[in-house]
Amino acid sequence: MSVTTFCSLKKTDKCNIYISKRAFSVFLFYLFFFLFFHFYFLCSSSFAVIIHESEKRKNIMRRKRSILQIFENSIKSKEGKCNFTKRYITHYYNIPLKIKKHDLPSVIKYFSHKPNGKHNYVTNMITQKNRKSFLFFFFLYNKYFFGKQEQIRKMNYHEEMNKINIKNDGNRKIYMYPKNDIHEEDGDHKNDVEINQKRNEQNCKSFNDEKNENARDPNKILYLINPRGFCKGVSRAIETVEECLKLFKPPIYVKHKIVHNDIVCKKLEKEGAIFIEDLNDVPDGHILIYSAHGISPQIREIAKKKKLIEIDATCPLVNKVHVYVQMKAKENYDIILIGYKNHVEVIGTYNEAPHCTHIVENVNDVDKLNFPLNKKLFYVTQTTLSMDDCALIVQKLKNKFPHIETIPSGSICYATTNRQTALNKICTKCDLTIVVGSSSSSNAKKLVYSSQIRNVPAVLLNTVHDLDQQILKNVNKIALTSAASTPEQETQKFVNLLTNPPFNYTLQNFDGAHENVPKWKLPKNLLHMIKEREK
């Protein structure tokens with residue numbers, strides 16, 4: 001119908017106006033477009049992401065900005081209004097959003113209350129990236145305590161139920177709990193006394209934690225050094241023993257301690273591992289695991305005579321040194337082995353070619369070496385030596401024998417190098433160095449030595465019970481690291497001890513070296529046994 005025709009119609013005339021499907025689709029599109037952006041800009045005024053979690057987990061609304069950033073920005077804002085939350089959360093969740101002023105004590109005591117009267121706003125529920133477990137951010141905008149910005153304590157993401165403490169002028173703590181923890185006044189309570197007691201203990205603990213946090217001396221710093229702890233060779237050796245214990249019935253015999261750490265070895269002994277030094281202690285035909293430190297060819301021959309099932313957990317870096325010693329000995333080289341002659345790793349390497357290998361323990365031993373001018377020389381080192389001492393010995397060897405050769409990539413383990421490098425960067429700024437490790441660990445003792453030669457006191461401790469608190473007097477800055485055979489949980493025990501009363505050190509992570517951890521598989525014959533057992 002044209003405009004002229006429409007205008008010529010009388011009032012009594014009837015006119016039917018039809019809308020095409022295309023026009024109707026366009027209309028719906030623009031309507032949806034308008035509502036979407038209206039919803040988006042309205043959401044931008046709030047401080048959190050609103051997620052509609054229905055029974056089928058549909059219609060999840062997200063914000064591009066980080067949840068934490070939005071949350072923290074809202075806390076910093078002076079107004080602290082939650083317009084969007086009030087409107088939508090009440091509809092999506094059955095969480096009481098209105099609480100009377102005189103009901104606040106009952107909220108603290110975890111009793112029931114009805115959502116009415118003058119109110120505070122409780123904000124929304126948000127989801128983590130995996131969409132499986134949910135966090136609850138609770139924020140109370142209290143008009144009765146208006147005038148001072150609320151202080152929010154960050155939550156622990158790994159707890160199933162999270163809470164936020166809000167401190168007002170009266171230093172009063174108010175705790176809000178998720179939907180499942182809130183009951184109606186006329187409802188039943190499950191173990192009210194136990195629940196109240198548990199909540200009160202948590203509240204007191206949170207209050208004490210914040211009080212201790214405020215009481216920290218900013219000058220007292222605990223530097224937790226990275227990298228630290230297990231190297232790949234150690235973790236591979238431990239995993240080898242654990243897999244054998246799963247695959248076969250205990251006992252499982254291990255030649256020498258699998259790694260030089262008493263805590264690790266005691267744990268494996270409880271599971272059924274037996275550490276031996278003499279192969280006569282192993283029954284014929286039984287399984288024998290070689291430790292991460294390597295083994296000499298003579299031991300392998302004895303094992304074959306006893307028809308033992310050998311599983312070699314030797315660190316691949318130690319095995320690399322063995323291969324070079326064998327190869328150079330066949331090429332008529334004389335081998336100079338830098339290390340400690342009583343160390344199990346050096347014993348294994350030396351016995352690869354005892355007729356042409358010379359052990360050097362210190363700089364003075366270099367003076368005792370005499371070779372013909374045309375003699376081919378090759379040097380290797382114990383993988384856990386101090387870089388400082390080793391550098392001095394190597395320099396003297398090169399000065400005396402300019403034609404001497406070595407492994408292109410070096411002999412010292414990457415983990416030993418990285419842990420010493422990281423410690424050397426920070427220890428000179430500290431008053432004390434604490435190395436977590438066993439007294440039988442060579443690389444642990446070298447970490448202590450590395451700090452001491454830089455005039456920084458250092459102690460080697462196996463457990464937190466070995467710590468003498470007297471040494472912490474007048475100590476403001478501590479460098480904390482651990483040996484390559486030390487479990488991380490032992491280091492964390494020191495962190496927990498030193499960052500809590502009575503010490504109250506402030507924890508700071510220090511990245512002293514970048515570490516590329518190699519990807520080494522378990523011994524081949526063990527992997528084959530595992531596959532056969534699975535079949």
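Here the Cβ of each residue, glycine as well, is placed from N, Cα and C on the backbone.
According to DSSP, E345 (active site, proton donor) sits within a helical segment. Within the same chain, residues at least six positions away from E345 (active site, proton donor) with a Cβ under 8 Å of its Cβ are H293, G294, V318, G339, Q382, T383, T384, S442. Residues annotated as active site, proton donor in Swiss-Prot, with similarity to another entry given as evidence: E345.
Over all protein chains present, the Cβ of C231 ([4Fe-4S] cluster binding site) has 28 other Cβ atoms lying within 10 Å. The feature [4Fe-4S] cluster binding site is assigned by Swiss-Prot to C231, C315, C413.
According to its DSSP assignment, N443 (dimethylallyl diphosphate binding site) is helical. Taking a C-beta cut-off of under 8 Å and a sequence gap of six or more, N443 (dimethylallyl diphosphate binding site) has these contacts in its own chain: T384, C413, A415, T416, R419, G437, A483, A484, S485. Feature annotation from Swiss-Prot assigns dimethylallyl diphosphate binding site to H260, H293, H343, S441, S442, N443, S485.
If you draw a 10 Å sphere around the CB of H293 (dimethylallyl diphosphate binding site), it holds 28 other CB atoms from the protein chains shown. Summarising the annotation, Swiss-Prot assigns (2E)-4-hydroxy-3-methylbut-2-enyl diphosphate binding site to H260, H293, H343, T383, S441, S442, N443, S485 and lists similarity to another entry as the type of evidence.
According to Swiss-Prot, the feature isopentenyl diphosphate binding site maps to H260, H293, H343, S441, S442, N443, S485. Counting Cβ atoms from all protein chains shown, H260 (dimethylallyl diphosphate binding site) has 29 others lying within 10 Å of its own Cβ.
Neighbours of the [4Fe-4S] cluster site: apart from C231, C315, C413, residues of the same chain with C-beta atoms within 8 angstroms of the site's C-beta centroid are K232, G233, V234, A292, L317, V318, T383, T384, Y414, A415, T416, A484.
The least crowded of the binding-site residues T383, S442, judged by other CB atoms within 10 A of its own CB, is S442. For the dimethylallyl diphosphate site, whose binding residues are given in the record as H260, H293, H343, S441, S442, N443, S485, the maximum C-alpha distance rounds to 16 Å. Using a 10 Å radius centred on the Cβ of C315 ([4Fe-4S] cluster binding site) and all shown protein chains, the other Cβ atoms total 25.
The distance from the Cα of H260 (dimethylallyl diphosphate binding site) to the Cα of C231 ([4Fe-4S] cluster binding site) comes to 12 Å.
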